[in-house]
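Report on the following structure.
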Amino acid sequence: MSPDIRELFSRQLWYRETKRRLKKFRPKDVWATLIQERWTILVTGIFASGLLALELTAWSDLSTDAWFTLWTTFAAVVPMIRGVVDADVCLFAASTLLLLRGIIQARDAFAGLANDSIVSIALMMMIAAGLESSGALEFVPELVLGRSKREWVGQLRMHIAVASVSAVMNNTPLVAVMIPVVESWCRNNNHHPSRFMMPLSYSAILGGLCTIIGTSTNLIARGLAQQDDPKLKLPFVEVGIIGLPLTVAGGIYVVLFSPLLLRKRDTMMAAVVADPREYVVSVRVDARFAHIGRTIESAGLRHLRGLFLADLQRQDGATVPSPPPTTIILQGDKLTFAGDIQGMQHILSLPGLTPISSADLAADLEETVAGSPSSDRIMVEAVVSLSSPICNMTIRDSHFRSRYGAVVLAVHRNGERIAGGLGDIVVKGGDTMLLEAGPDFLQKYKHSTEWALAVDAFRVTLPRRDPLALFMSLGIFIALIVLNSMDVLPLSTTALVCLFAYLITGVLTVSQCRAAIPSSILLTVAGGFGVAKAMTVTGLAHRLAGSLLNVFSWMGRAGPVAAIYASTSLLTALLSNGAAVTLMYPIARDLAKQAGVSIKGPLYALMIGASSDFSTPIGYQTNLMVSGPGGYRFLDFTRFGLPLQFVAALITVPICVLYFEPRT
């Protein structure tokens, strides 16, 4: 036996590893977590008690497999709502348990990975990346925005432009491109960005409801429905019968009510430039400093309460970002600290460290980012994605600097800066961070699922793209839309042809294609297929559909559609919209059968409900993207978006009922 294998099974190794792991277990930390999550534990216990009561009373006739499916789904949904575990992991874990139980087969658990609509979503995301890289997404909206000095005219122009483009392409890359365009337009025309960022997101959402390809939830719902009934026809623009009135009503609502309900908020970067010493302070080392020639560690500048050394610049201009503790301090060095303003008082009181004025620091930051071609650091404003691996970890424990090659200068949550030591901040999905990063940060993470948004903090305007590539990308994409609307070829086929046309003509590179694939979204939906199948075969979907019909029976003919719309809207506010569609579809299908109505009414209500979350920043990706650039707080979305959500319900339910007649 080799020495390595003997060591692997040695008693000493196991004893040492066990002791090392036990040292990491701290009862105080466990107790602190229980206190912090006490409300989650309480609500989860109440719902679990309710399910147990149902199992013992009214729903005691359900099979053991049905209850196993319900408890498994419940166990998967709770961590998804809290955001402590990624949605794709939760749903695939649930599918694995159902597979081991024998409720579903292997082909059911992995059916989502081969579904035509899942492939179509991936292809459309790559095509959107091609349009973005060619500059096409900037070209059209900039022409429509105009130079009006009136706020309502600018909002209306933006709504028309964004909604029109969003109807034929995915809205996430569209909003990412439009954020700096709209900010620049607001700055040039003396308008406040917070009056435009939330309407930008709403315009993209509403426009996406006008066609089948406008949003991924429409494609997911279509794929599920056609998997059950291949003969079911869902024309390209039929959902627009609901989506177009919603888009018109949304535009009118924004123009009329944004002055009343949408408050003006300062953006993160505006606060930093106005008073940069609230977040960062720079000092110059002069001859009086007692630790010249010593390392940062020995000088006592390494472990400072409430702040850390973010940057060191030599007299000759050489920069040492995130300097290691062994870096030697020399006379004339400029040291930049980031963190809590109270912690900076200690630095400013040390003899030999002369503070640099706030005005000089702001000018220095702007010059570094926008001017000097030799600069190797940029300022980035980034919004943490709900599925980011650093969620629920402190900045220090996430090894942020080594992971991303960036330094955190400030963190905003719900429109307010988080006070205290930056390293101790627990990262949450939706947090907006101001970063000092390497020049390749945006290239690496612009399309990454780890960040909902990553943009140049000073919004440096990029040069105009190649005109030939721009018109070529638009021409190929318009051909895709025409062919699909005429039902000449399936969407997946036309999208694949369009993608290869982009690759052949050089509009898009292979690396850009791979970076644009939304892996977390696709895996979330694919994982939900197995759970949805289990709900169907065990009869759980049938029972849930019957219960919804009873609850909404007072609405008469509108009951089935209203039940699906309300349930899906609630679920998508708690989970991702892809997960909500996948879990709600079998219930919608069984509900339509029990009510004796066409599947199209509940199906389109499912599509609209999953995409119409206007009242929270976490319910839809584009809301999360604009929360940082708009400087919004959580309740800003509730105040401005909840009335719009009621308007959407009042339009969706009657159209679904009146247009899609009951079966004869």
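Placement of Cβ uses the backbone N, Cα and C atoms for every residue, glycine included.
Keep in mind it's a predicted model, so treat the numbers as computed, not measured.
Positions annotated as transmembrane segment by TrEMBL: 30-54 (among others). Using a Cβ-Cβ cut-off under 8 Å and counting only residues 6 or more beyond its ends in the same chain, the transmembrane segment (30-54) has close neighbours at 70-71, 74, 78, 82.
Residues or ranges marked as transmembrane segment in TrEMBL: 74-100 (among others).
The annotation transmembrane segment is assigned in TrEMBL to 112-131 (among others).
Feature annotation from TrEMBL assigns transmembrane segment to 158-179 (among others). Remote same-chain partners of the transmembrane segment (158-179), defined as residues 6 or more beyond its termini with a Cβ less than 8 Å from a stretch Cβ, comprise 124-125, 127-129, 131-132, 137-138, 140-141, 144-145, 196-197, 199-201, 203-208, 210-211, 213-216, 240, 243, 247, 250-251, 254, 446-447, 453, 455, 477, 481, 516, 518, 621-622, 625-626, 629.
Nonlocal intrachain contacts for the transmembrane segment (200-221), taken as residues 6+ away from its ends with a CB within less than 8 angstroms of a stretch CB, comprise 117-118, 120-121, 124, 158-159, 162-171, 174-175, 178-179, 182, 234-240, 242-244, 246-247, 250-251, 254, 484, 491, 518, 521, 525, 577-578, 581-582, 585, 603, 606-608, 610-612, 614, 620, 622-623, 625-626, 641, 644. According to TrEMBL, the transmembrane segment annotation covers 200-221 (among others).
Look at TrEMBL and you will find 241-262 (among others) tagged as transmembrane segment.
Annotation comment: TrEMBL describes 268-353 (among others) as domain 'RCK C-terminal'.
The domain 'RCK C-terminal' annotation in TrEMBL covers 367-451 (among others).
Residues or ranges marked as transmembrane segment in TrEMBL: 468-486 (among others).
Sequence-distant contacts of the transmembrane segment (492-510), counting only residues of its own chain at least 6 positions beyond either end whose CB sits under 8 Å from a CB of the stretch, comprise 116, 119-120, 123-124, 126-127, 129-130, 133-134, 469, 472-473, 476-477, 479-480, 483-484. According to TrEMBL, the feature transmembrane segment maps to 492-510 (among others).
Taken from TrEMBL, the feature transmembrane segment covers 522-542 (among others).
Positions annotated as transmembrane segment by TrEMBL: 562-583 (among others).
As annotated by TrEMBL, transmembrane segment applies to 603-620 (among others).
Residues annotated as transmembrane segment in TrEMBL: 640-660 (among others). Below 8 angstroms of C-beta separation, residues 198, 202, 241-242, 245-246, 249-250, 253, 257-258, 261-262, 557-558, 561-562, 565-566, 569, 597-598, 600-602, 604-605, 608-609, 612-616, 623 of the same chain, each at least six residues beyond the ends of the transmembrane segment (640-660), sit close to that stretch.
Using a Cβ-Cβ cut-off under 8 Å and counting only residues 6 or more beyond its ends in the same chain, the transmembrane segment (112-131) has close neighbours at 137, 169-170, 172-174, 213, 216, 219-220, 222-224, 226-227, 447, 473-474, 477, 480, 490-492, 495-496, 498-499, 502, 507-508, 512-513, 515-518, 521-522, 525-530, 582. With respect to Cβ pairs under 8 Å, the transmembrane segment (603-620) is most closely packed against 562-583, considering the stretches 74-100, 241-262, 468-486, 522-542, 562-583. In the predicted structure, the domain 'RCK C-terminal' (268-353) carries a mean pLDDT of 72. Of the recorded ranges 241-262, 468-486, 522-542, 562-583, the transmembrane segment (74-100) has the largest number of C-beta contacts under 8 angstroms with 522-542. Residues 73, 77, 80-81, 87, 91, 112, 216-217, 220-221, 224, 386, 521, 524-525, 528-529, 531-532, 535, 548-549, 551-552, 555, 591, 602, 605-613, 615-616, 619-620, 645, 649, 652-653, 656 of the same chain sit 6 or more residues outside the transmembrane segment (562-583) yet have a Cβ under 8 Å from a Cβ within it. Within its own chain, the transmembrane segment (241-262) has Cβ neighbours under 8 Å at 151-152, 155-156, 159-160, 163, 167, 194-195, 198-199, 202-203, 206-211, 214, 604, 608, 612, 636, 639-640, 643-644, 647-648, 651-652, 655-656, 659, counting only residues six or more beyond its boundaries. Long-range contacts of the transmembrane segment (522-542) within the same chain, counting only residues at least 6 positions beyond its ends with a Cβ under 8 Å from a Cβ of the stretch, are 62-63, 65-66, 69-70, 72-73, 76, 86-88, 90-92, 94-95, 98-99, 103-104, 108-113, 115, 118, 121-122, 220, 224, 576, 578-579, 581-583, 585-587, 589-590, 594.
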